[in-house]
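**Student:** Sharing a structure here in structure tokens format.
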């Protein structure tokens with residue numbers, strides 16, 4: 001976690017001095033054989049060694065590099081608001097919870113990004129009936145935007161959904177607060193599969209990693225990085241779905257088809273009336 005950067009005062013002093021020299025555009029010692037510019041740039045920045053981890057830096061600052069040591073998947077020192085700073089005014093939420101929440105929300109976003117566009121796409125290719133091939137905002141999740149005819153009324157479905165999700169989220173929080181505790185509580189004889197790995201974000205086991213991915217540390221590290229990157233992209237995609245729905249009134253797949261058919265008249269600028 002981010003607080004690992006504070007374990008060794010000597011390594012922190014060295015890291016802070018390296019960052020200070022880079023901001024002053026000073027050359028590193030000749031033994032290193034390279035020099036750095038005064039600004040820490042975005043993804044184009046060459047990998048640097050900070051806290052023992054080689055990584056590119058994205059608009060990192062001296063302060064953010066004091067607690068973001070590269071130990072987290074997808075950590076490039078980017079924290080302009082100081083949300084992960086354990087001692088700063090921005091750190092009003094525990095950094096460990098923020099890192100955990102990003103992974104969980106990224107997984108939900110990846111499922112949502114696919115689930116929101118799937119019915120629309122399947123309807124276009126004729127795999128499901130047109131009456132169910134609806135844009136995501138017309139399925140009843142936003143009542144004014146669409147109607148539906150399910151087995152129960154919307155209030156019953158809402159209460160049922162909240163009860164089921166609330167139970168699952170409560171169990172997940174229990175495991176975060178006390179890792180491994182779910183494997184000690186009886187749960188229909190399945191509790192052994194919920195024992196976890198000691199890391200609540202990556203519980204593993206037959207239910208959460210049935211294919212046994214990440215059997216060694218190197219492959220597990222690569223998979224964690226890929227998951228975080230795709231999760232961040234999916235969260236942006238969900239935001240894009242919302243904006244598209246509000247602006248154009250059609251689903252994301254139809255927006256894509258319209259853009260491909262006529263990119264000059266169907267794009268971000270024309271949709272937002274910047275023309």
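Each Cβ is built from the backbone N, Cα and C atoms, and glycine gets one as well.
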**Student:** Between 233-253, 254-274, I'd like to know which one Swiss-Prot lists as transmembrane segment.
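**Tutor:** Of 233-253, 254-274, Swiss-Prot gives transmembrane segment for 233-253.
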**Student:** Three-state secondary structure of residue 58 (chlorophyll b 1 binding site) from DSSP?
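**Tutor:** SS state of residue 58 (chlorophyll b 1 binding site) = coil.
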**Student:** Give residue numbers and ranges for long-range contacts of the transmembrane segment (233-253): same chain, 6 or more residues beyond its ends, CB-CB under 8 A.
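**Tutor:** Long-range Cβ neighbours of the transmembrane segment (233-253): 105-106, 109-110, 112-113, 116-117, 120-121, 124, 134-137, 145, 271-272.
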**Student:** Please report the distance from the Cα of residue 232 (chlorophyll a 1 binding site) to the Cα of residue 244 (chlorophyll a 5 binding site), rounded to the nearest angstrom.
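**Tutor:** Approximately 18 Å lies between the Cα of residue 232 (chlorophyll a 1 binding site) and that of residue 244 (chlorophyll a 5 binding site).
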